[in-house]
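Reading through the structure tokens given below for one structure.
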Amino acid sequence: VDTNDKPFSCNICHMRFPRRGSLKAHYSVHSGEKPYICSTCNACFARKGNLDEHVNVHSGEKPYPCNVCNVRFSQKSSLSRHKLIHSETIKKPHFCSICNMCFALKSTLRRHYLLHSGAEPYSCNICNKHFSEKCFLNIHYRTHTGEKPFSCSICHETFTQKGNLNSHFRTHSGEKPYLCTLCKQNFSRKSALNKHILARSCKTPYTCSICNECFFKKKDLQVHVRTHSLEKPYSCSICQASF
């Protein structure tokens with residue numbers, strides 16, 4: 001992250017922001033303060049803008065249209081995510097030579113290659129679980145602390161990641177902002193779209209030599225192969241059972 005672009009840092013979780021006002025609003029995630037209340041369902045929000053958009057869920061209003069395909073959205077953030085599908089090849093010039101996925105930044109492509117190599121240089125000092133990226137390790141720590149700072153304003157379910165909250169919220173709104181440009185099928189989650197594209201293009205790079213099942217990650221293939229060999233490399237130190 002370029003600290004010049006985002007000079008304001010949260011002293012609790014170290015997320016960075018371009019404006020002091022954004023940082024101030026972010027602190028409500030940690031404090032739990034939500035002064036803006038929906039008069040219909042009593043859902044509470046940290047920001048007035050979030051309340052204003054939430055009201056659209058009750059009214060059914062979708063004031064944000066896509067200027068390319070005319071699909072409409074109740075939230076501006078959903079429209080912004082949706083717009084990316086219309087300019088993927090233009091804005092994502094960096095291609096993975098293994099699976100042909102494309103990325104906007106070269107640094108993102110380099111991190112993506114870790115999925116194929118299986119490299120996981122970041123380890124948890126509590127349970128020794130390893131991760132390919134530091135941000136995943138930071139999120140993992142919440143499984144030990146129990147922290148779930150992101151709460152659904154409608155049903156109050158809590159999440160460890162904002163992305164999971166965003167995906168969950170679409171179960172209430174019914175929005176599916178991710179469009180397959182090949183078959184025009186819509187998806188509520190980007191991960192579901194990515195899996196769909198891989199299935200259509202058969203670009204999964206790791207194939208089991210025994211049953212021809214394909215996998216996107218090398219480590220998933222390695223785990224699968226053990227189902228054929230009956231290898232059980234993990235043993236319980238108490239009862240000696242193997243897994």
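Including glycine, each Cβ sits where the backbone N, Cα and C put it.
What TrEMBL says about this protein:
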DOMAIN    8-35  domain 'C2H2-type'
DOMAIN    36-63  domain 'C2H2-type'
DOMAIN    64-87  domain 'C2H2-type'
DOMAIN    94-121  domain 'C2H2-type'
DOMAIN    122-149  domain 'C2H2-type'
DOMAIN    150-177  domain 'C2H2-type'
DOMAIN    178-205  domain 'C2H2-type'
DOMAIN    206-233  domain 'C2H2-type'
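Same-chain residues lying 6+ beyond the ends of the domain 'C2H2-type' (36-63) with a Cβ under 8 Å from its Cβ atoms: 25, 28-29, 72-77, 153-154, 172-173. Broken down by DSSP into helix, strand and coil, the domain 'C2H2-type' (36-63) contains 12 helix, 4 strand, 12 coil.
In terms of DSSP helix, strand and coil, the domain 'C2H2-type' (150-177) has 12 helix, 4 strand, 12 coil.
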